[in-house]
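Trainee: Structure in structure tokens, see below.
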């Protein structure tokens, strides 16, 4: 009965089950709570672990449509009817590969990188492509789009070269046509439609140079002071602030809208062969896909998130940013472990653990020969207390190292800040030069050091309580390790000395009585009258 009660006490409860992915966080939570750490009052930034809704998408602003940079990836296919022009065709292809730095060298990875993403807010611009036999990348509903540009689904672009034009870079004779809702665009003359392109745009862009007299203002996205302009000769967007000067921003090498429209078409290269008169000989087709070069930006197509759009894509997409589900844990939690409740985790059936049973049997066996089992259990608890104290020391050292790194980084940042303020002193400092809010770092390293000092004091207190007590259990156990092997023989000898004489006397009486009984039985069988053993023979 006592053994059964011990097993019931030591067997862990099977009702609750913690997810196996969080053992380290659970141990950290228990450690901080058991030591009364002041870090339990801090707020923790948490992210959701759910794979069904990994995050939220936010659309890019109209101005970001003009500044986010895209890049192209070109794949080519030789025409099966190519005749006699392999050498000049290879020459043209090598020229394209060498002279286009805005072309992506490594092949992109297609396919959604996130699924089940919800778009928050209204996208200022969406692009729709409807291609037969195209690759569907997802479709946003029209209700979440302010302005939707639709790429002409019937347009196919070709370019014809003569045999002496192979050294020239191929260009689209015109960009893929896009349509837009009536009344969305207004004719405006602005030098901003020429943009302020970086060095690669003017030399390697796929379209003809822009004409600032053919500039259209997107009225739905513009205000009195700020205009969003569309250049239809290059399918490029520009942002203009009427209250500022011309040096406002630079146009990327490949804009997002241009890349998205280029990826819906292909460039067919043909040549007039000098060997076959004036007949056109197809050489190869350029199939172009597009990716976002700006880090952190993605194509949002319905609930699918892409980093690259394949050639001949179809669907409705915008651009934006993706953030995981972020929330703040309550301040009274040391770590956000309770957020993962048991109701959200799968229950697992487990068999009864035999370790507590064996521990109980070991303690009972120890009590049968002495106090070895109780001594060992007490020593185990003492060692556990020491391990906790050592863990606290390790954590305090890690926090100290992290704080030293933060202090060092803060010193470097502040030094750079002073240098930037000196360089931009004529403009009022770096904050005024950037026209942004000034941000400052509040040094709270003193609080962190005080908390670390408290942790070290608590660790010392735990270690002292573990080493103190009756006979100092650690030293006592070393002495018991020598005595325990002799306990069995000593106990056996003691029992023999205590009960040996009594056992010997009982054995002697038993043997004597048996001998008398045998002698009496012998006399009766011989026919002699048995003599009374009590009377005297005389």
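Cβ from N, Cα, C; glycine included.
Okay, these came from Swiss-Prot:
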- 1-15: signal peptide (SIGNAL)
- 16-478: topological domain 'Extracellular' (TOPO_DOM)
- 43-46: motif 'CXXC' (MOTIF)
- 43-46: disulfide bond (DISULFID)
- 133: N-linked glycosylation site (CARBOHYD)
- 146: N-linked glycosylation site (CARBOHYD)
- 177: N-linked glycosylation site (CARBOHYD)
- 220: N-linked glycosylation site (CARBOHYD)
- 241: N-linked glycosylation site (CARBOHYD)
- 247: N-linked glycosylation site (CARBOHYD)
- 312: N-linked glycosylation site (CARBOHYD)
- 332: N-linked glycosylation site (CARBOHYD)
- 354-374: region 'Fusion peptide' (REGION)
- 414-430: motif 'CKS-17' (MOTIF)
- 431-439: motif 'CX6CC' (MOTIF)
- 431-438: disulfide bond (DISULFID)
- 443: N-linked glycosylation site (CARBOHYD)
- 479-499: transmembrane segment (TRANSMEM)
- 500-538: topological domain 'Cytoplasmic' (TOPO_DOM)
Trainee: Take the C-alpha atoms of residue 133 (N-linked glycosylation site) and residue 146 (N-linked glycosylation site) and report the distance between them in angstrom, rounded.
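Mentor: About 28 Å separates the two Cα atoms.
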Trainee: According to DSSP, does residue 133 (N-linked glycosylation site) sit in a helix, a strand, or coil?
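Mentor: The residue in question, residue 133 (N-linked glycosylation site), is coil (DSSP, three-state).
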Trainee: Which whole-number mean pLDDT does the model give the motif 'CKS-17' (414-430)?
Mentor: 78
Trainee: With H, G and I counted as helix, E and B as strand and the rest as coil, say where DSSP puts residue 312 (N-linked glycosylation site).
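Mentor: Where residue 312 (N-linked glycosylation site) sits, the three-state DSSP reduction gives coil.
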Trainee: Based on Cα distances to residue 312 (N-linked glycosylation site), point out the closest of the recorded positions 146, 241, 431.
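Mentor: Nearest listed residue in space: 146.
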Trainee: Mind checking which of 133, 177, 220, 312 has the fewest other CB atoms within 10 A of its CB? They're the glycosylation sites.
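Mentor: Taking 133, 177, 220, 312 as the glycosylation sites, the minimal 10 Å Cβ count falls on 133.
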Trainee: Of the recorded positions listed here (146, 177, 241, 431), which is spatially closest to residue 220 (N-linked glycosylation site) when Cα positions are compared?
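Mentor: With Cα distances computed to residue 220 (N-linked glycosylation site), the winner among 146, 177, 241, 431 is 146.
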Trainee: Return the count of C-beta atoms lying within 10 angstroms of the C-beta of residue 241 (N-linked glycosylation site), excluding that atom itself.
Mentor: 13
Trainee: Name the one residue among 146, 177, 241 whose Cα is closest in three-dimensional space to that of residue 431 (disulfide bond); these are the glycosylation sites.
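Mentor: Looking at Cα distances from residue 431 (disulfide bond), the smallest one goes to 241.
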Trainee: Roughly how many Å separate the Cα of residue 177 (N-linked glycosylation site) from that of residue 146 (N-linked glycosylation site), to the nearest whole number?
Mentor: 20
Trainee: Through the lens of DSSP with three states only, how would you label residue 220 (N-linked glycosylation site)?
Mentor: helix
Trainee: Can you break down the motif 'CKS-17' (414-430) into helix, strand and coil residue counts using DSSP?
Mentor: 14 helix, 0 strand, 3 coil
